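Colleague: This is the structure, below, for whatever I ask next.
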Amino acid sequence: MKLVFIGSSLAIVWCMRYHRVVRRSYDRELDTFRYWILLGACFVLALVLHEKFTLQEVFWAFSIYLEAVAILPQLVLLQRSGNVDNLTGQYVFFLGAYRAFYILNWIYRYLTEQRFTRWISCVSGLVQTALYADFFYYYFISWKNNAKLQLPA
């Protein structure tokens, strides 16, 4: 599954950078999110909140924190544009659903394993799922009404 996830992520990046039709849909004026603030905040958080102060654990915590907030630039861009095309809406929905299913995995592991101690991934996953909550709401409303997905600007 990791290879499928990495492969599909690389395919998406390739399409965004090199596919003629997809590349034309990019609007630089709407994409003004300061992602470097997220990178710095996640790195500082990883230096402060980690399980052990080793290089591997700090970078692991950094990757978990970054994964939790990595969707923010996309959500902000979708919010600014207002209209969400079908493919983008489906993609963002399934990214959020992927993380939401992880919560079920953590609950199961907590109940069945004696020492399930990955609290960093659990808290970060809850934060990431909470970030999707607004999008999920509008996604389900548009699905229920059989209408195009539109986010409030």
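Backbone N, Cα and C atoms are what each Cβ position is placed from, and that goes for glycine too.
The following feature annotations were taken from TrEMBL:
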TRANSMEM  33-49  transmembrane segment
TRANSMEM  58-78  transmembrane segment
TRANSMEM  90-108  transmembrane segment
TRANSMEM  120-141  transmembrane segment
Colleague: Would you mind listing the long-range same-chain contacts of the transmembrane segment (58-78), meaning Cβ under 8 Å and 6+ residues beyond its ends?
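Modeller: 30-31, 33, 35, 38-39, 41-43, 45-47, 49-51, 84, 88, 92, 95-96, 120-121, 124-125, 127-128, 131-132, 134-135, 151.
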Colleague: For the transmembrane segment (90-108), find every same-chain residue at least 6 residues outside the stretch whose CB is under 8 Å from a CB in it, and list them.
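Modeller: Same-chain contacts beyond the ends: 12, 71, 74-75, 78, 84, 116, 118, 121-122, 125-126, 128-129, 132, 135-136, 139.
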